[in-house]
Ligand SMILES: Nc1ncnc2c1ncn2[C@@H]1O[C@H](COP(=O)(O)OP(=O)(O)OP(=O)(O)O)[C@@H](O)[C@H]1O
């Protein structure tokens with residue numbers, strides 16, 4: 001502080017008052033700034049929490065999506081392998097068809113030569129001409145039919161070839177799409193990891209900024225208390241200056257009073273000046289501290305802005321990932337549709353109606369001579385029976401020998417079960433004389449793993465597959481019914497009322513066909529089932545109903561026919577598709 005002279009305390013204190021006013025304004029500004037910063041921190045905390053919540057949700061979604069994609073990929077790979085196997089089978093069948101075409105050709109040539117011979121005979125044997133002419137006509141008809149058969153075989157062969165080429169192309173396309181999908185999935189996974197790392201970094205820098213902010217707040221508090229102290233000191237000194245001024249005035253009035261007292265006053269005045277300059281130093285120091293605090297506040301603001309920018313960036317990346325995930329899901333759905341189409345095409349190529357023959361092992365009291373072709377086109381398709389030293393050969397789509405297990409038979413029909421879930425109607429029908437093994441093949445012994453028949457195995461597969469399809473948005477409802485036909489009479493095997501099971505003669509059930517080609521039996525008990533265990537207990541109940549009938553019918557139950565029906569209703573709520581109604585009959 002500078003006065004007009006050393007004794008100009010008034011001037012100095014006025015300057016000090018001015019300076020203190022400025023300091024007050026500065027403190028006020030600092031306080032406002034601090035409030036604004038506090039509000040900003042609260043806002044940022046809110047945003048940070050929301051961002052963290054959003055991030056954890058996205059990470060969880062990504063994880064589950066990646067898991068789903070893995071499962072679907074594995075399934076697609078399995079299906080691809082089975083498609084390849086089927087393709088090989090179709091090619092083998094095509095070769096069989098070509099071979100049989102060659103055989104037919106030879107037969108036709110042989111027939112033509114025999115027709116020529118007959119013509120020669122005709123010229124020689126004029127008396128038998130009329131009869132021979134008729135024979136020739138007959139042979140010509142046969143020849144024509146054979147030619148037609150040849151043409152249809154050729155047509156079938158070219159259709160097969162076209163289908164095989166088409167399937168090959170589709171499978172290659174499917175494989176490519178699958179590879180792209182796998183790559184996209186891996187990319188998404190890496191991207192998700194890097195986004196997570198960046199978010200962690202942003203979070204730690206945010207925490208750092210918050211820490212700095214808290215430290216700065218503490219410093220501001222300290223500065224404020226120091227300023228309060230300075231203000232109090234200054235008030236105190238002002239009081240002292242006023243009293244000194246009063247004393248000086250008194251001294252001026254009392255001129256000539258003792259010089260010693262004057263010296264004392266001068267000393268006190270010098271001390272006061274020293275205190276004032278010390279306070280000035282202190283104020284300068286406070287100003288420097290205030291400047292550095294401001295600087296730190298600015299840096300903290302910058303960090304907050306950087307965190308916000310980073311957060312926005314992460315948010316955009318998350319949205320982008322979400323979009324890509326949706327695209328990947330769509331690709332999976334398209335792949336599933338294509339798989340269904342190919343699966344059905346392969347089954348159609350194999351033949352919509354196929355007949356298999358299963359030979360059961362001989363019982364202890366039985367004897368018989370059954371053999372199988374050891375090589376040639378009928379290998380695995382033929383069976384040879386010997387009766388009265390005469391051999392009879394039969395061919396089927398496939399022959400299961402005595403050693404074939406329940407599993408072997410199920411493998412052959414398991415693809416049809418998949419078709420039932422894909423929305424196609426399927427019927428599996430066992431036919432044969434009494435004791436030939438129909439019940440064993442269809443039902444077996446469900447409680448023994450190796451001896452489970454086609455019905456329990458099919459049901460297990462249906463429930464397992466429908467469970468895996470839930471993740472793709474499918475919901476299934478299943479209804480089971482079971483009836484027995486004995487002597488043209490229908491009996492409901494799931495009816496609770498015994499009399500309705502055993503009413504025998506008076507049948508109240510009638511068979512109806514609707515416009516969609518579905519067959520219904522009126523008043524038949526239909527039970528909703530949601531698990532394999534539920535169906536299993538129904539099968540047991542039905543078996544008991546059957547055995548009651550068998551006792552009453554005096555062991556003639558072998559003449560009865562049993563039909564098990566499972567209706568599958570499937571709806572896809574995610575993609576708004578309603579599809580299936582299927583039957584499996586036995
Ligand atoms: N593949 C097989 N392996 C072992 N045993 C079998 C096999 N097939 C059938 N059997 C046995 O042969 C016997 C007759 O079979 P099953 O009862 O299934 O005949 P079915 O055709 O259903 O007769 P029905 O028409 O009289 O009811 C049973 O004891 C069964 O366990």
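Including glycine, each Cβ sits where the backbone N, Cα and C put it.
When pLDDT is averaged over the coiled coil (48-159), the result is 77. Marked as coiled coil by TrEMBL: 48-159 (among others).
Per TrEMBL, the feature coiled coil maps to 206-240 (among others). Only residues 6 or more beyond the boundaries of the coiled coil (206-240), in the same chain, are considered here, and those with a CB under 8 A from a CB of the stretch are 13, 16-17, 20, 23, 27, 30-31, 34, 37-38, 41, 44-45, 48, 272, 275-276, 279, 282-283, 286, 289-290, 293, 296-297, 299-300, 303-304, 307.
According to TrEMBL, the coiled coil annotation covers 276-345 (among others).
As annotated by TrEMBL, domain 'Kinesin motor' applies to 352-586.
What TrEMBL lists as ATP binding site is 432, 433, 434, 435, 436, 437, 438, 439. The DSSP secondary structure for residue 439 (ATP binding site) is helix.
Only 435, 439 of the binding-site residues listed as 433, 435, 439 bring a Cβ under 6 Å of any atom of ligand 1; the order follows the sequence. Here the binding-site residues are 433, 434, 436, and the one ringed by the most other CB atoms within 10 angstroms is 436.
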